[in-house]
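Peer 1: Structure in structure tokens, see below.
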């Protein structure tokens, strides 16, 4: 006893005093503040030796303390030593077990308290709700709550709604929500979250508006939940403004707002929100990486996180990998891949999916397939990422083969899968594949999806099935702008440019929905026909309806005027564009202007436009290609050659041109600089003959000399 008192006097004199004065219960409680379980055990031993026993109040304090830190061995020991434990004592232990996700222990302890004749209260049942991990468990606990008369109380309903939603049973979640007698803002927030988790974004917004209309308090958690449901930037801006006005902009809400802006491609607004955060956390930085203008900026931000000791998570890694595209960034991309292996992230499905996407966007389909095959677990996103990569890189047969394998593995395709397949089918130009895809979409029930119908209309247009595109369009009951744009695009792809103008007039007269894309497509058709009169009429209508301020329409107007030979109108439209905006689409407007100047021979304007584009996006290969082509068309061969050389030094390269032909049921693809075809030797020999004929022509001699010696080098590779 003397030795124990001496040891305690070193640590805390007040405990010595309490023990000396026989205030053992107070000493026992005081020991908890020192966070020394061994010291608490020693004092508890003295407590027992002096004839004390645990009453429910003191026992609850001890159990609550050790349950919070996960020391359930001591917590159970104190419960068993308690004389006549009450429901509050049991609740303290149940709460800790539920917090640490130990459902088995929760249910056993619940049975024990019932056998002892104790009556559960709402706090008891709340722990049961938190412990549920499956639909069956949640349904059983829900039934217990109803039998005990607590099933309609707000305190428990919020947990039940959350559980049903996370499991995916949104119907049961809705039933709980509507049957709740005392709905409060917590229950409303749970229902908003539930809809978001299950992709029911419109319903989520509806519940949020209902909550607001009934005058319930809107807190940061409610705003964060509803922000996750928004894909309309105007609605997102309203929530953002409300958060600012009410002073609710915590890191949690700011991060959700940034995510919304990134989702809506408003990267500049996302960066502005980030810059206003006083102390950004790793989630803030992760969203900032998602808002990066390109892969280079994303990598720089990632380096900053590493060097400043931030704890990187899988979401950070996913955003970095998603920003990487193009061969120039493959080396750092592979370094990030190595980091994922070392940090143990590679086993996560999201990381594997991001790597597949990265290699697909960089044109390395074999590497993407290797990552896919090495993945321990795959989900529908894994399959979709690889199928999309194959489609984007012209590997149509491989994309369709993957789609077949996907079904063999019982992975259900979704609308993203079918969109990628339709994209691949569009590239194949095969009417047969278009019809097969259409049939499958009908079988799996995706024809009710508006975006899928739009994709199907466009696909038929690209596959020489414009009549089928029209049939699908005119069978739609409620035509939306996306449907109108799909058929207009299909008509353009089919070369029916005059039909586009007639279609546009019919749509306008029938009061069908149109948007900026409708104007852009119609202007494109005018340019293809060099129909300056109708082009000016469409431009005038865009001005009246204020669609002219859209970046797509701006670029389409410039392109149309140049193709129609009216360079003066093109220059005027070009000068009215927002060229000081750093958004990528404004750089594309400059690219359209440069392309138009190439046709019209105005080198000075072309140099100004391309220089501006290079200033905004110094690593944009399209600017170099357009300016190089402009110099070549003007006979400025040295300037064109210097630009090509600069591209090589910066590891920028033009996407190789390609063509295809179907012979005997097989499709053969040909890419510029390709040596993989089994008859490539014969192909290049034939090309050399054509080059020799071109050299014999004085008009073409300079052009041939400007081209690199790729034909000769490829003949060397082929063994000549």
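Along the chain as shown, the residues are counted starting at 1.
Quick reminder: no glycine exception, Cβ is built from N, Cα and C everywhere.
Positions annotated as repeat 'PPR' by TrEMBL: 86-120, 184-218, 379-413.
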Peer 1: Count the residues of the repeat 'PPR' (86-120) that DSSP assigns to helix (H, G, I), to strand (E, B) and to coil, and report the three numbers in that order.
Peer 2: 26 helix, 0 strand, 9 coil
Peer 1: For the repeat 'PPR' (184-218), would you mind checking the mean pLDDT of the predicted model?
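Peer 2: Averaged over the repeat 'PPR' (184-218), per-residue pLDDT gives 81.
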Peer 1: With helix taken as DSSP H, G or I, strand as E or B and everything else coil, how many residues of the repeat 'PPR' (379-413) land in each class?
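Peer 2: Counting residues per DSSP class in the repeat 'PPR' (379-413), I get 26 helix, 0 strand, 9 coil.
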